[in-house]
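*Asks:* Quick one: the structure is below, questions incoming.
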């Protein structure tokens, strides 16, 4: 009954609880009215609050509105094969008072990805999520799959990715979801993934650069670069380069780059203010795992901003997001310090569904159509660090990334 639960039918709101003998109904065009069975009359105003309401958005995925022979509206849940006269959107009504000012944002840190997608149907949309076999990436992929999107889980370990696909299919057997191999630590693997993806001849409407590594001991990839830098930044940079033609053909399309608030606690320029490769991919003697992670997260925002500047004229936007503080996931398995900190902070952390919310919000919010080059935290735009806002550093990082790839593979494919 997962789809029914996600539709909101289990939710109640004590403030809007009706008196005995009253029933809440909706019209064909979404207006809420109230039936008083005791006095056999109807009215637009809630009998307790006096408010007028309407349902928000489309019906949840898998639902259809029909009318019976008496002209009464009813609803068919095709996923769970049930019929009801209760509009599933009634759990998400909004006040009919558009002129009343409000300072409350629609979503916040407690919002889940499923709540953001409630009532949305993404049939025909293709979503690619890297690192989607667990954690935030899995919740992002699952949320889209349960709302009709064709979702591709791009992961280093195909076996674990296939297990993640099975978990999604257990929730809804008709979900359109598949796994593909992508190792961001190997540039040739990124290239092979892009070739395999293009061979499918599908569109690409949302690309979520989610995969990442944290607290690794110093090491070099097969391409001769420090692992954290290549996995968290350069691999994603190359992936987007290879798929940018597909994104542009699929426009409007969106790229979401998962960064972190830790980007604020580092810098990647030398004393003269120039981008310094030795800070991005340091030798063993200068390596500190936490600093390497922070620098890669700064690269994420700079990359997202420059990507938006270059591709937005072609209908592709990009935004960077912070998923949440002290969220334990598989990327932290290498750090005993982080495990200890997480154990202490766990009562105050987000769930993985909440952690995926900002990513999903930036991927689907109608108010962000055509907008990008921004940084979001708790589904709200906020300013990143001053260095993350530097257009000069963003351009320099882009050019350096292109050179690093070209030096190893030759001219990038497209």
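Positions of Cβ are set from backbone N, Cα and C atoms, glycine also.
Quick caveat, the model's predicted, so the values are computed rather than measured.
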*Asks:* Going by what Swiss-Prot says, which of 14, 271, 390 is noted as phosphoserine?
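*Replies:* With Swiss-Prot as the source, phosphoserine is noted for 14.
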*Asks:* Among 33, 328, 375, find the residue to which Swiss-Prot assigns the annotation phosphotyrosine.
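*Replies:* In Swiss-Prot, 33 carries the phosphotyrosine label; others show none in the record.
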*Asks:* Look through 12, 26, 227 and state which residue has the annotation phosphothreonine in Swiss-Prot.
*Replies:* 12
*Asks:* List only the single closest residue to residue 137 (NADP(+) binding site), chosen from the recorded positions 33, 287, 293 by CA-CA distance.
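*Replies:* Nearest listed residue in space: 293.
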*Asks:* According to DSSP, how is the region 'Mediates targeting to the mitochondria' (209-273) divided among helix, strand and coil residues?
*Replies:* 28 helix, 10 strand, 27 coil
*Asks:* Please identify which of 33, 287, 293 has the densest Cβ environment, defined as other Cβ atoms within 10 Å, among these recorded positions.
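*Replies:* For the recorded positions 33, 287, 293, the Cβ with the most other Cβ atoms within 10 Å is 293.
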*Asks:* With H, G and I counted as helix, E and B as strand and the rest as coil, say where DSSP puts residue 133 (NADP(+) binding site).
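*Replies:* Looking at the DSSP assignment, residue 133 (NADP(+) binding site) belongs to neither helix nor strand, so coil.
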